[in-house]
Each structure stands twice: as C-alpha cells, then as structure tokens.
Amino acid sequence: MAPRTLWSCYLCCLLTAAAGAASYPPRGFSLYTGSSGALSPGGPQAQIAPRPASRHRNWCAYVVTRTVSCVLEDGVETYVKYQPCAWGQPQCPQSIMYRRFLRPRYRVAYKTVTDMEWRCCQGYGGDDCAESPAPALGPASSTPRPLARPARPNLSGSSAGSPLSGLGGEGPGESEKVQQLEEQVQSLTKELQGLRGVLQGLSGRLAEDVQRAVETAFNGRQQPADAAARPGVHETLNEIQHQLQLLDTRVSTHDQELGHLNNHHGGSSSSGGSRAPAPASAPPGPSEELLRQLEQRLQESCSVCLAGLDGFRRQQQEDRERLRAMEKLLASVEERQRHLAGLAVGRRPPQECCSPELGRRLAELERRLDVVAGSVTVLSGRRGTELGGAAGQGGHPPGYTSLASRLSRLEDRFNSTLGPSEEQEESWPGAPGGLSHWLPAARGRLEQLGGLLANVSGELGGRLDLLEEQVAGAMQACGQLCSGAPGEQDSQVSEILSALERRVLDSEGQLRLVGSGLHTVEAAGEARQATLEGLQEVVGRLQDRVDAQDETAAEFTLRLNLTAARLGQLEGLLQAHGDEGCGACGGVQEELGRLRDGVERCSCPLLPPRGPGAGPGVGGPSRGPLDGFSVFGGSSGSALQALQGELSEVILSFSSLNDSLNELQTTVEGQGADLADLGATKDRIISEINRLQQEATEHATESEERFRGLEEGQAQAGQCPSLEGRLGRLEGVCERLDTVAGGLQGLREGLSRHVAGLWAGLRETNTTSQMQAALLEKLVGGQAGLGRRLGALNSSLQLLEDRLHQLSLKDLTGPAGEAGPPGPPGLQGPPGPAGPPGSPGKDGQEGPIGPPGPQGEQGVEGAPAAPVPQVAFSAALSLPRSEPGTVPFDRVLLNDGGYYDPETGVFTAPLAGRYLLSAVLTGHRHEKVEAVLSRSNQGVARVDSGGYEPEGLENKPVAESQPSPGTLGVFSLILPLQAGDTVCVDLVMGQLAHSEEPLTIFSGALLYGDPELEHA
C-alpha cells in the first residue's frame, strides 16, 4: 500500500508542477511598484506613475504552496529469521531454529507548506524576464486613457478582453504543436484512467486478501510467521511502478515542450511589437483558448488524482476499521459461544413445559397417524390378495369409519386445545405499554382463525359426503366389473389396482400434509400460551412492585407529617425560650445598674485606718469579695445558670432536629434511587411487552399466510376434476384397511393369549427357582457346619503333631552293652580323589627348525557378497510453488531404487552411508528465494538468494523495502545418513520458477556405505 500511495502522490506533484508552469497563481506581489495588492492585468501599462528603472524590475514575488514528503517512524515491527545456534552458543547441534527480531517501521507523510518564489511579473517573459509586453497601436497620446476592466490574465500576460493575443500572430506550426499537446494530454488522461482501473483491481485484491484473512481467523488457522507475500501483489506493484515511470517521463517531456512554447510565444510577442504594434484590446486567439483548456484539464486531472488518493486513503482506513470491528465481533462471538456452552452445561430442561392434557392429545394424534401409515404399508404389501378378495365381495366391510368422522375428531381436538388458551387470554389483566390493546386484537385474530378452521371443516365435510356417494357408486361398478369371468378382465383389474395404489400414496401424502399443518397450528397455540403465561408473570411482578411502591410512598408521607409536626413543636419551644432569655437579660441589666449606684453612694472605708506605729499586720488579714458577688450579685447568677441549662436543652433539641433532617434527607435520596430503579424496570418491562407484542403480531401474520396458502391449496384441489374419483377409491381402500385392522386385532388377541401363557410359564419358573434357592441355602448352611468340623479336625491334628514332636525330643536309648568279638576284614574301597598338581619343572632346550610342510587343501568357496543397492535420484519442479513448506519436485528425471517420492518431495535413505545431495533453486525476477535443506526434520543448510542480512537494529532505516535482484540458490554438500533418514527442501520465502525445461532441480546419490553408522 505504501509504494502505491507514494507513486500516486509523486504523479500528482508532477501534474501540479505542469499546471503551475502553464498558469501562474494569481497571488503575486511586486517589490518595485510600491503596491501591496495583486498586480493589475494590464501589467505596467495599467499604472499611471512610471516604474523606477531597475535591473530586477520585471521579477515579482509569488506565494506558492508546495507538498513536501518526509519519512516518519511508525512504530516497531517484528520479523522472524533463521539462525543455526541460540544466542551466545558458538557450538550447538545443527537444527532449524528461528528467532524473532524487532526493527523500526517507517511511513511517508505529506504536508502542504507555503513558500515565496520569484517569477516574472505579469506581462513579462523570457529566461531573465527581459521581454516586455507589446506597446499599444496608434500614435502615443499625452492624455491618459481609461483603464481597462481587470480580467483573468493568460499565459502571454495580456488581458482577456484585448482583441488580439499577445503572441504576435499564430502560425501553422504552433497550431500543430497545440493540437499535438492536446492529443498527448488526452492520451495521458486515458493512461490515468487505466492506472485508476489497475488501482481499483489492486484494492479488490486487497479486499479479497482481507476476506481470506478473516476466514482464516474464523477457521482457527494462522499464517506462518515466515510466510512470503502473494506474488501477484508484487507483480502488480512492479507494473504500477513501471507505468508511473513512463508517465513521469512523458510529463517531463510535456513540461519541456510547454516551456519552449512559452519562450517562443514571448519572442513572437516582442518581435511582433517591433513590426506592427497590436491594439490595446485584442481578442483571445485559438492558441490561447487551447492552452487554457489544457490548463483546465491538467488541473482537473490533478484534482481527480488527489481525490482518488483521498478515496484510497479513506478506503484503507475503512478497511482497517472493518478489520478491527471484525476482530471485536470475533472476540464477542467466541465469548458468546463460551457463555452459551456454560449455560448449556449448567442448564436443565424444565420438568413440565406443557400441560399433560395437551401432551396426551398430541400423543394420541401421533399414534393414529402412525396407525394410518402402518395400515397403508401393510396394504401395499398385501394388495394382491386383500384387494382382490374385497373387490370380489363387492360390499362394505364391518367396522367402516369414514374419513369425515376422523377429520371431525381432529377438528374437535384442535378446538379443545385452543380453548384453554382463549380462556387464559380472556382472564388476562390489562398491562401497561399497550398490552391491553394487544390482547383484544390477538383474541380477534384467534377468532378469525377459528372461523377459517370451521369453514375449512365444513367444506371438507361436504366434500367427504360427496366422496362417500361416489365411493358407493365406485364399489357397485367394481362389483359389476369383477362379476364376469376372471380371465377376461385381468388387464383392467391390474390397471385399476395400480391406479388405486398411486392414489392411495397421493392420499397418504395429503393426509400427512394436513397432519403437519395441524401439528404446526398446535405448536403455535402452545407457543402463544407460553407467551401469555410469561406476560402474566411479568405483570404479576410489576403489580407487586407497584404495591410495594405504594406502601413505601405511604410510609414516606407519614414520616414527612411526623417531621413537620416535630419541627413545629421545636419552633414553638425555641421561641418561648428566646422570650424568657431576653426577659432574664433585662432583669440582670437593671440589677447591675442598682449595684453600680450603691457602690458610688458608699463613702465609708471598708478597712480601719492605720496608725503611724502600726505594723503591716495590725489591721488583720484583708477580706476578699463574697462568693457569688465578684461579677454578678444577688439572684442574677442563678438566673444565668437556669438560662444556660435551657440553652443547652435548646442546643440538644437542634442537634436532634439536625439528625432527623439528615435521616430524612437520606431516606429521600434512597426513595429517589428506588424510583429511578422502578422507572428503569418499568421501561424494561414495557420494552419486553412490546417485543412480545411484535412477536405475537408476526406469528399471527404468519398463521394468516399459512391458512391463506391452505385455502389456495383447497381451491386448487377443488378445481382438480380427478380428485373426487381418487378420494372415492381412497375410501374403498380405507374400508379394506379396516378389514386389515380387524385381522391385526385378532392377531393381537392371539399374541395376548401367547403372552399370558408365557407369563404363566414364567411364574412356574419363578416357583421352581425359589425351591432351588431354598435347597442352595441349605447346602450353604451345611458347608458352614463342615467348615467348623474341619477346623476342629485341624486343631486335633495340631495337638497330635505337638505330642509327636515332644516324643521325638526325648532320649529313648538305653545303657551301653558289653563289647562283642572283632568281625572279618571288609572289601577294598574305591580309589580316592586326585591330589593337587605339583610345581612345574624346568624348561628344556629348544630343538631345530623343521622342514616346510606340504601345501594345504583348497578351502570351501565363500558366500557371495551382499548386493549394494543402487541409490540415485534427480527431480525437477514443473508446477508453481509459492506456499511455504516442503517443495514437491514432481518431474522425476532419475530415480534408481525408487527411494524418492515425487508426491511429497522427500528422499528416504535405504542404508547408512555417505550421500551427495545438491539442489538448484531458481526464483522469479526481483524476488528473493529463501529455503532450508532438512534432514529428518532438522535444518542442515540454508540458502538466501537476496544475500546476507545482518541482525540488529543498527542498520540504516529506509522508507520502503527495495526489490531484491533475482539470483540462484544452490545446495551442494555430502551428508552422513542412517537407514531411514529423510531429506527434503523446505521453502521459507519466495516463489520458485517452473517450466518444462529444468530450472529448479533436486538431486542426490549414494557414494559408499558406512557400517559404523548402523552401529552408532
């Protein structure tokens, strides 16, 4: 995306420069005319005051805007690179290891800046702005002419209202050049449109890649870290770069031609002025109009290009936002799936979701439908005998039940099912949020549905009556048909039977459709009943909350009244205490005044006078003021103490009043929060009721559509002429089915008798088993007694063994007797064993060397040597390969022994030895190839056609990655392999070249075997 944006902006800059060369910006300021505004269209002639002579008087400063680009750091990206060893281990086992590195990511930013540029003033041209505009025609007049109306200046500097252009004449060569320039601009516009189409195609591919990435993320597959980019994107980018380079070259050529044309126009104007002065108001020429159109087209192309760039940027931003939104959506979906899985694990189905009466009716209906289906199946199996016998009898079988009675029973059951739901709807109270308005509408819709069902049942009853009459006529016709000789009407009977079979199948399908429709209606009634029950529960909870709110409001009003009464009491008490305190203060002031007057009137000394010889202690100790009369006197102290006590009571009253007010404020705040919660709960209940109302409306609409479809089907069935005949034959088949049902009933009774006999035999078997169990219990008891007896016998044997052991320990030998006479000599015994060997003797002298012996016999021929297998292979790649993984070299050039698998690209060593392995990997141009040679899933060697890239962040950062030149990657090494080792080439990055001629080859051969590797 970055190269595409960079080249597009570069193209827009070139087009802007070309437009600027054709038309100068209107903001120009002359530094020598003394005017601060823009220059007049007439140039120097429009000014009355003469311009000062200066060398640079024809140059003006213009404020221009430029778009500059800069390289900014855009975060850090990670990339994976292969390394043979871990970090800091010089010697390590040769295995494939990948390491993740960080490197800065850069982006190209664009900014519009203003700059001052020196250009030729309006009306001047040339390389050094020395070419002045052409003077006016006619003799010079001393009186100044009125200034012309300002107009938009053209390229030559003359005003648009002049009758002649300032080019000094237009020749055929100039018109041809202008026409060529116009054609070139048109071709450039077409190329820009083609480039826009290519960019749109690239954006489409980007959208496909984004969609594929999202699908991969949803499916749980991840792209490998070292996977290469798509080759189609690189090829498209290379093509875009090539086209942009061509456009750059053409724009430069056009810019040069425009410069030459401007210079030529300037020279022509100067020469034309010397030959024939042009009038002051010359009309614009066709060349000027063409140049103006060229300027407009260039500006439009630039604006379109900039708008396209902005659109691509916005589209890229939208794609990024969509990716983020899809990631968030994926995360929310996964979270929801986990939540649903947890709910499914912890959730148990309700014990009773439906009424037992409704379940019983549904079970009975299903049972009857199963009976009908089974009867039809039995009929199709025995149609040869049963139908023939029934047709020969020519009458109705016993137990005949018409289809009308069955449909009427189904209708009664459906009405009985809808009855409780209608009663619940009638007894349902009105609810807020439009529930009271919805319930009458729903009741009306249910009544309409009931009327429609009644109409349908009436029409079906009438048609069934007609069908009964037609069935009777058909049975009589069938009896007349079957009354003849059996050999004459065999073909007609077979046709009738086949037609009956087809019609029976059709009737069965129609009955199943009717049953499914009734089942759907019953399910809808159940759903509506469940919805009504849920609404009733919600309204009940809302009523409880409203009652609780009423109680809370009443309590709140009572507490407000009590607080108001208490406030009134406190105000009265405070006013009374205030009056009493003010009166006490007045009395205290009067008493203080009287005391002050008494002190002033008192002239007698309080102490006796001292004599001249009296000491300091003659007069006795001085007396202090009386207690209670130091500040206040009389009863004023007690009054103040009483006033202080009353004020303390008032303060305590105010404190309790403040506490009560705080509690009241807290209660009011809690009531506000409760009211807010109740409001939110009410809003949720109203929204839930509205949702349920909408669902009920949708369900009613759907039911109306279904009944409308049922009516249309009924009308279509009524228009069918052969339906009555089919139903008549179906009625006859139903009569025969009743006969079959009677036979099945007899079979059931016989089976019941057999089952009763089996139960009797089972009871006898149980009795015999009980007797045998009693005998087995006796045997088990006898075995228990036998065990006790065996234990006693074992103890007796143990006692006997102990006694025998004691007897064996006793010495039973008697005293020694007298010695007897000597006996005769015995026989000679056997020889004794050999003694130990003696010490070796001394070595004798060595004898002389004997003569050579005769030649020995020829040995037996040895076994033949083990055959060495011939192992060699060579394979090439003929199919495109760009995905990372093992490269399957499918075109086999040589495969001695068949140890190379072309489908997987893996070579398996048959025996241990030294093998020569080589591979030549050819990549696409401007795209490097990176691969690894693996031995038994372990990397042995690595090749990178782009060259060695140092590891680390100290490399010089670049704004964009340059395409690497396409080179070869070659493997050639000798490896020791054991029997069963596998060797393959794993592609890490890039795209391999494929063709009929071998470009990418993988080869190997056995050099010699090594038995030591087998024992290693």
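Yeah, the Cβs are placed from backbone N, Cα and C, and that goes for glycine too.
Per Swiss-Prot, the feature signal peptide maps to 1-21; the stated evidence is experimental evidence. Per Swiss-Prot, the feature domain 'EMI' maps to 56-131; the stated evidence is sequence analysis. As annotated by Swiss-Prot, disulfide bond applies to Cys60-Cys121, Cys85-Cys92, Cys120-Cys129, with the evidence given as sequence analysis. According to Swiss-Prot, the region 'Disordered' annotation covers 135-182, 257-288, 383-402, 416-435, 811-863, 942-961. The feature compositional bias 'Low complexity' is assigned by Swiss-Prot to 139-165, 266-279. Among the features that Swiss-Prot reports, coiled coil is placed at 216-256, 356-420, 576-603, 685-752, 835-857, with the record citing sequence analysis. Summarising the annotation, Swiss-Prot assigns compositional bias 'Gly residues' to 386-397. Residues or ranges marked as domain 'Collagen-like' in Swiss-Prot: 814-864. Among the features that Swiss-Prot reports, domain 'C1q' is placed at 866-1013, with the record citing sequence analysis.
DSSP assigns Cys129 (disulfide bond) to coil, not to a helix or a strand. Residue counts for the domain 'C1q' (866-1013) under DSSP (helix as H, G, I; strand as E, B; rest coil) come to 3 helix, 70 strand, 75 coil. In this structure, Cys120 (disulfide bond) is part of a beta strand by DSSP. The Cβ of Cys120 (disulfide bond) has 22 neighbouring Cβ atoms from other residues within 10 Å, across all protein chains displayed. For Cys129 (disulfide bond), the number of other Cβ atoms no farther than 10 Å from its own Cβ, over all displayed protein chains, is 19. Cys60 (disulfide bond) falls within a strand when secondary structure is assigned with DSSP.
For the domain 'EMI' (56-131), the predicted model reports an average pLDDT of 79.
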